[in-house]
Amino acid sequence: MTQVGQVVGILRKLNEEYQSSTPKKLKLIDAYLVYVLLTGIVQFAYCLLVGTFPFNSFLSGFISTVGCFVLAASLRIQLNKANQITFNVSPERAFADFVFAHIILHLVVVNFIG
Amino acid sequence: MTSTSFMMIIFMILPIFSWCATSTVAANLSPANLDGLKAQFQTAMKSFSDVASLHYTLAGIKELGVQPPDSFCNDIKKLVDKSNIESIYHATEAAKTLANCKLPVEDYRSVVTSTLQSDKSTTSEVYYAVSSSVNLGLTVDEASIEKRLNALAKTDDSILSQGYALLTGAQLSQPVAKFYADTVNDLVQQADEIDGRTLQYEGGVGTTALLVSAFYEVAEKAGAAMKIDPKQLHKFASYFSTKRHVATLRSAYYLTKVFKYLSDNKNTMPVVVTRVSPSAISAQNPSVLVSVSNLLGQPVGEISVVAESAKRKDDGVVVISKQKLTSKASDFSVFELPFYDTKIPRGFYTIHLTLTPRGDGKLIGLTDNTIDVKVTSEGAIENAELSVSDRDNTAQAKTYKLTYPNVQSEKLELDYHQKLVLKFQIKDKRTGEFIRVQQAFLRFTNKKSNKEIIYLAEATDGSNSQYKVEVDLQTNANDFRHQSGAYNAALILGDQLLQNAYEWKLNDNIQLSFHEDSQADKNHQNLYVPRPEIVHQFRLDEVRPPTIVSLVFSALTLLPLLILFILWIKLGFNLSGLPLGLSPLGFHISHGAVFALMFFYWKYLDMFQTIRYLALISIPLFIFGHRVLATLAARREKKA
């Protein structure tokens, strides 16, 4: 009982920290990440349910969600001021990279979707 | 298949086997197929379609000793084409064979004369004209013909042309004939040698026979003997003696002529040596009988025949050396060589014969004559025993001794854990040694369905060749198709050198019981019936979920988008900082265009077109994007 209580306590503290210290921009990106994650889960659940036909379409959709997640996550890392020591790029540059990478990702996904 | 028909097949196969084995490539000549030639002429005599066939048939049948009736004279007159020199030639030659057939000379004179005078006639036409003139009694200008032939010899050097030149020379005076007779040797050199044994000319048997008989004709007219190497003459004779059937009447006629020349004892004659006794030597047939004749089958005069050697084929053992054959006929045409002897073991033998004529040698082909025979012996089956035992425990075996030709009276019952073993030996009655045979089978016949199951008996190596057959009711059950029931067993033995073949019924009543259910017999008659049609099955589509499920999940995929908007709104997403102006507008439009392009790529375009459009759109995208971001960066700098 106490263990569960401890875990719940830790989670609540985490949430408070998060809500207070994270800038709005990053929170928006986090929401986007959650969205992409949910979409991926739905696709995977469908595949498990009805089988992998047509396999290429499933793969393309799933890879698309994974790719979007990764790109958004990298954008978030780059925009996080706390990481300025490691990644010294301007936010605009990060966003431009994000858009460029997405174009390529979408090209590949649409090619593969069949 | 009943046992008698099987027996018949064996008896048919064995002699064929032995014949094939004994008729090896012989250097001997064989007598001419006179009956065949005569039959060919007689069939042709029933109806004629052209004067050439008439000529060849009548002349051919006359060579064979049958005088054709004069009634054919009308046919000649009807069929002849008076404007064609060849036709006239055939007509005159055909008329010559009849006793009393006079042709109207004046009808042909003009054509004959014009052919002789023309510069364009070929050697064959010259021959036809000269021959027709001689037959019709017209005068012939020899000098001009000689000149014409010499001119033709320069332009046409084909073998047939040379042959016709010889034949023409034979129709003219003796000095001319002598001139052509001297060219015979050159012509012989132009013949083709096949396998070192036969000589022939291009053009087949008709041309070769025409040429060789031309040699004889011209030599006869010249009054001199034909100048030809005896070995080469023998090779020609060898070629002719292989022609048992000829296709055309022309070939048949010339072949008959050449056989007659080759069998004329005025000329050099090839000798024909053939075996006239059966090829198998046994106690009932102890001697080899050999016939000596010419190509027409006539005797050749006093001659002695010696068997130089008789060698066994497989190991070359010589059993006879320099033994003289005894003459059985007063005209020296049949000779005997006793061959059956206890000292001569069974096997295939080749006997080499040499002939020595009494008079001076006009005969050729006296050496290198071979006769093939086989010495057979009677066999006896000994020590035959049948034993029934357990598959794994051979110690407790029940053995029955069998003697040929008795049928075993006991009823045998075998079931699936037993096996049957048959052992026997075959002894050569003459020498007493155990021999091996080419066919040794044990045959089971299903009494109900008459299907046969045959097993091979194998002999042990060594001198006591013991044959053994083993039938195991478990491992061999498939051969019987698991059909339990009553069976007959018979032993079948056969060999080329075995005088008597065996089909010994061992037991009439063997009961076999197999472990599994009997399988039906394969219906062998249905092997060639059309098979059931295979309907092509196209690849089946994959199983897809029902449409509802797909639609539901598609909706579910869009649900997170809703959640996203809700979260964003909760977080305070606003578009207040959105810059306005040309560049942002351009950026958003080009960015949207890229997504639109993706849609079109999915639906309509291919990769190459998409890449091109993308390249196109990315230019404004880059420019406008750069501008927008620069603006945003500047704004941020200003704020900070």
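Backbone N, Cα and C define each Cβ position, glycine as well.
As written in TrEMBL, here are the features:
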DOMAIN    B:29-263  domain 'Ribophorin II N-terminal'
DOMAIN    B:271-375  domain 'Ribophorin II second'
DOMAIN    B:538-636  domain 'Ribophorin II C-terminal'
SIGNAL    B:1-26  signal peptide
TRANSMEM  B:548-569  transmembrane segment
TRANSMEM  B:581-601  transmembrane segment
TRANSMEM  B:613-634  transmembrane segment
Three-state composition of the domain 'Ribophorin II second' (B:271-375), taking helix and strand from DSSP: 0 helix, 57 strand, 48 coil
Intrachain residues whose Cβ lies under 8 Å of the transmembrane segment (B:581-601), provided they are six or more past its termini: 607, 610, 613-614, 617-618, 620-621, 623-625, 627-628, 631
Whether the domain 'Ribophorin II second' (B:271-375) meets the domain 'Ribophorin II C-terminal' (B:538-636): three or more C-beta pairs under 8 angstroms: no
Helix, strand and coil counts within the domain 'Ribophorin II C-terminal' (B:538-636) (DSSP): 77 helix, 0 strand, 22 coil
